[in-house]
Amino acid sequence: MDSIPEVESSNSGNISINTGNNNMSSAGTSSPAPSTPSRYENQKRRDWNTFGQYLKNHRPPLSLSRCSGAHVLEFLRYLDQFGKTKVHTLICPFYGHPNPPAPCPCPLRQAWGSLDALIGRLRAAYEENGGKPEANPFGARAVRLYLREVRDLQSKARGISYEKKKRKRPPQQLPALPLPPPGAI
C-alpha cells in the first residue's frame with residue numbers, strides 16, 4: 001500500500017489531532033497508562049496531518065471549514081505525482097496488460113485502492129476532529145464519482161478487474177433425516 005508523503009512546513013504544530021485516546025494519566029491519579037495507537041490510527045493521523053499541510057500550503061491558504069469536495073479532488077490529483085502504479089494510456093501497446101513485458105513511458109499514479117483507503121481514513125478523521133458528517137468534504141458525491149472513475153480507468157488500463165468481494169456465507173446444514181428403526185430394512 002502506498003504511503004502518503006508528508007508535506008514539510010515551518011509551522012506544523014498548528015493542527016489539533018484528536019485520536020480518540022483520552023486515557024491521559026496525570027501525576028497523582030491512578031488511571032491506566034495510554035494504550036499504543038493501532039497502525040490504522042497512526043496512518044489516519046499522518047494522513048490528517050498531510051491534508052492539513054496541503055490546506056496550509058494551498059494558494060490561497062484554506063481553512064478546513066471552507067474545504068469542499070473540489071479541494072479534496074485537487075488533493076488527490078496532487079498526490080498522483082507520488083504514485084507508484086503504472087497506468088497505461090490508450091495509445092500504449094501494453095494497455096490492458098497486467099504484466100507488460102517491457103518498460104513504457106506511461107505515467108505513475110496513486111493506485112485506486114490506496115486512494116479509496118485514504119479517503120476512508122480522512123473521512124473518519126474529519127468527523128473525529130469536530131467536523132459534521134453532513135458537511136464532510138471527503139464524502140462528497142464528486143469524490144465518490146472520482147474514485148469510481150479512477151477505479152474503472154485503472155482496471156481497464158492494467159487489465160485487472162476490481163470486483164466487489166462477495167461475502168462467504170457458512171454452508172447451510174441440511175436437517176438430519178430420522179434413522180429407520182432397526183430391522184426395518
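Positions of Cβ are set from backbone N, Cα and C atoms, glycine also.
Residues or ranges marked as compositional bias 'Low complexity' in TrEMBL: 9-38. If you look up TrEMBL, you'll see 39-166 marked as domain 'ALOG'. The feature region 'Disordered' is assigned by TrEMBL to 1-43, 158-185.
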Which numbers of helix, strand and coil residues does DSSP report for the domain 'ALOG' (39-166)?
77 helix, 4 strand, 47 coil
Over the span of the domain 'ALOG' (39-166), how high is the average pLDDT in this prediction?
89
